[in-house]
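Okay, structure first, notes after.
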Amino acid sequence: MINRDNKKAITKKGMISNRLNKFSIRKYTVGTASILVGTTLIFGLGNQEAKAAENTSTENAKQDEASASDNKEVVSETENNSTQKNDLTNPIKKETNTDSHQEAKEAPTTSSTQQQQNNATTSTETKPQNIEKENVKPSTDKTATEDTSVILEEKKAPNNTNNDVTTKPSTSEIQTTPTTPQESTNIENSQPQPTPSKVDNQVTDAINPKEPVNVSKEELKNNPEKLKELVRNDSNTDRSTKPVATAPTSVAPKRVNAKIRFAVAQPAAVASNNVNDLITVTKQMITEGIKDDGVIQAHDGEHIIYTSDFKIDNAVKAGDTMTVKYDKHTIPSDITDDFTPVDITDPSGEVIAKGTFDLNTKTITYKFTDYVDRYENVNAKLELNSYIDKKEVPNETNLNLTFATADKETSKNVKVEYQKPIVKDESNIQSIFSHLDTTKHEVEQTIYVNPLKLNAKNTNVTIKSGGVADNGDYYTGDGSTIIDSNTEIKVYKVASGQQLPQSNKIYDYSQYEDVTNSVTINKNYGTNMANINFGDIDSAYIVKVVSKYTPGAEDDLAVQQGVRMTTTNKYNYSSYAGYTNTILSTTDSGGGDGTVKPEEKLYKIGDYVWEDVDKDGVQGTDSKEKPMANVLVTLTYPDGTTKSVRTDANGHYEFGGLKDGETYTVKFETPAGYLPTKENGTTDGEKDSNGSSVTVKINGKDDMSLDTGFYKEPKYNLGDYVWEDTNKDGIQDANEPGIKDVKVTLKDSTGKVIGTTTTDASGKYKFTDLDNGNYTVEFETPAGYTPTVKNTTAEDKDSNGLTTTGVIKDADNWTLDSGFYKTPKYSLGDYVWYDSNKDGKQDSTEKGIKDVTVTLQNEKGEVIGTTKTDENGKYRFDNLDSGKYKVIFEKPAGLTQTGTNTTEDDKDADGGEVDVTITDHDDFTLDNGYFEEDTSDSDSDSDSDSDSDSDSDSDSDSDSDSDSDSDSDSDSDSDSDSDSDSDSDSDSDSDSDSDSDSDSDSDSDSDSDSDSDSDSDSDSDSDSDSDSDSDSDSDSDSDSDSDSDSDSDSDSDSDSDSDSDSDSDSDSDSDSDSDSDSDSDSDSDSDSDAGKHTPVKPMSATKDHHNKAKALPETGSENNGSNNATLFGGLFAALGSLLLFGRRKKQNK
């Protein structure tokens, strides 16, 4: 930091940690213009980085008339190009851009007004008074003559005074070339020139004020010249003898404190391994360097600060790497090409990691040193400064900035703003330092001339070493450049359709027209001055100036260069607009007289860790006490960063590089199996124990008294007994034995299993080598046992249950017992019987059913047993525990489940599946009953005639109706008819009558029909079929229908001697087949309708629609007269046909 009052710089001597030179380019504006600060850059030690800032200042200069008798003083501004500065190891470089414009007017000077034109800063205007015109385009008017031998008038102005300058137009001819600096050109000076209130663009390279300059005593002894440089005043000493104006302290360059910690490339001796996954970011943020308002003033040198706190895992080894990523719109340096990061170090200066920067990816790759092998639990901090990359951001815009440490990202939204030109009438200009080459000692300035493309008359641009205020006044500021015939000046014209980037930085000049040879350039316009005569212009131009500078001691920089645009306004007066750029690089020192600050002394702390066998907290009181190796000791610095070491074989540890007056914390990790001993056991600080954590402040000396002691933690036992509690009272009785092989589990207070064992032959168990604390003991219930009641008596005689808590407090615990008793077994079962009366109750006369399968399932549905009933219908399952079960009875073939739950539980039927719960008792109430369905016998004979029909029976399967046996009687009637058929056959049919007798059998005779039916006695019904015949009647209708067909044949039935056919009709009904019957008419009944009945089957399908027909008279003699039988048969057949056809028609519909 520059001492602004004495203009002297001092250096600090000693170790420098993570210091970077910073170069700021700034433009200061006092009045209407804003302060524009360029870039603050921080690089590795010895590397100089520039920070560009644009500063514009507007000043209202008051000028009063002065008498012609005023002394005329010609001042030539000279620059000491080899200024001497204090020896600064790490200079801070600041660049300041100052713009000014002023119009000279006649004698009575009015206060200049500030105007804004096209969103630009305006300056004051005064009438010209004997001031020489600079390179104005030739005119016929004598007042517009040009004087190329300009002699600058720079006056030192006292603070708080207004300076008035009176000038008169010169009537003499202007020389075409400048004379020596001492020549006068009619410049009258009535008062000191006003001190500009505007400050140049200044770039400040800020370094931590506490960091000393890296100059050793030996270096000073061996190099006296360096010592002389350190105590020698800056070139300000020379300047103090010159009548030049100095910038007021109010416009001095701003200093931006921007720390950055990064490092130089690591030698590739160790294999690289990216360990981003082992880096834990604990805190990171992005902040703005000047004002936290969401706006980055890029030309103000406002930097972006990225801070990151992170932990380095102990698994990280030397040679491993991590990455830090910049946002792609930012860059570490704004005006230099040196992007070398500095080391990441701890507060004592030890290097943790070194880094390299990749410009293409905007990424730093850090490689860890053996620091991570020597220390543990390393916490690090990273603070990076960056600036808007004008190549990526040529114009104002909104950005979302994203930075990342070890791929962990953080973001911030900002708006980027750039400077505006300084404007006075048609004069409008702006400039920046766009590049700094610290090797060649060159600086590049980019100037926008007439960026607003106004109609500017008699345009001249002057480039000057030193400062130019916004109003065009010249002043000596904070630095200088060398402008001579070797200075590179290029001029480019901007086409009407081209737009200048707002960043004021050109990366490709080839896109613009090179008009250098079309303008008049005078590089010797004055001492360290050049002038460009543009004439009348209405286009924008770019001027590129590359000038030399003289570095100070230790490469300090004080580079300042201003520009002024002069035009003739509509009143034929000159209007001025000025702009200044400055780079300052100085060391952060506290000011002073230039003497060397004593080297900062660093201190150490540490000492000893021992095993305190006698636990008294004092070292050496027991011969068995010894040092403890490998104990982890952690040092916490004032900024919160940490590092850890382990004690050596002698129990010793040490931390060095500590600063006086700062406070540190030391923590000792308690080794496994030990406890901290008593603290401060004696008044002797060298012999006591300081405990697990101690805070110490360095007071000008080392502190090697930070000791601590530990003693071995005693171990204890836990356990006792598992026994069979035969009387189930929960108390251990003398005659009750222990239970062997019971599993016991021990858990710590967090629930973690720390041991498992089993009881011995006596039921005893134990766990050993336990520390004080709370434990949980869990007993596993042995097979065939049940836990007894718990907590019934004294702790050492009761049962603690299946789970209990045991506490160890400086003693064994032998009270954790558990008791069990043998679990009783139970039985389940009972009886399956034949419920002959179907009432669902077990009667004394009803017998059991043998060989019924019974299955037992547990609560999960798993089969745990299967058995069959014995000859008495009894069954049972034994050896069952209390619980839920399901009993499943398999229904015997041919039997039907009887009604359930009709009476008392031990006498009723429980159904095919029964859920049962056993609770401490047997259950013999699980019974079930079945009965057999009624079946008709087959007198199969009876019909056997009608057997022929029987087929029809098969129709008659609907016989199953037959159950309505009784109907079947009516069938029998039909039989009787059929008998009549049987007539043809044989009276034996009439037997069938006897069938009819059997009718009671429900004629299952008709069974006889379809014996196939036979099972279906209901078949027998087939008579009932015959019912169904009665159905059949209706069927028979249908039959008869069918008959009817056949009947028409059937008539031939009549042939068929036997009505039986017609009867058989009833069979025949059994189906329209009967057609065929009729065919078969051949009475032989043999139509035994069996034939007919084949077709009958479809009819049987519809038979149940007619099973309500009237029954035929039960059997009778055939003496109704066979003579009439034929006639009636025919009639019935015809009627049946009609009905059948009608019915079919209906069905078809």
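Any Cβ shown, glycine's included, is placed from N, Cα and C.
Note that the structure is a prediction, hence the values are computed from the model and not measured.
Residue ranges 307-311, 522-526, 567-571, 1112-1116 are listed, and Swiss-Prot annotates 1112-1116 among them as motif 'LPXTG sorting signal'. Beyond the region 'Disordered' (675-697), the same-chain residues lying 6 or more positions past its ends with a Cβ under 8 Å from any Cβ of the stretch are 605, 612, 615-620, 661-668, 703, 705-713. Remote same-chain partners of the compositional bias 'Acidic residues' (903-913), defined as residues 6 or more beyond its termini with a Cβ less than 8 Å from a stretch Cβ, comprise 830, 835, 840-842, 886-889, 891, 897, 924-929.
Residues in the compositional bias 'Acidic residues' (903-913) partition by DSSP class (helix H, G, I; strand E, B; coil) as 0 helix, 2 strand, 9 coil.
Within the model, the domain 'CNA-B 3' (825-935) shows a mean pLDDT value of 90, rounded to a whole number. Counting residues of the region 'Disordered' (675-697) by DSSP class, helix then strand then coil, yields 0 helix, 8 strand, 15 coil. Residues of the domain 'CNA-B 3' (825-935) grouped by DSSP class, helix first, strand second and coil last, total 0 helix, 52 strand, 59 coil. With DSSP classes pooled into helix, strand and coil, the tally for the domain 'CNA-B 2' (715-824) is 0 helix, 52 strand, 58 coil.
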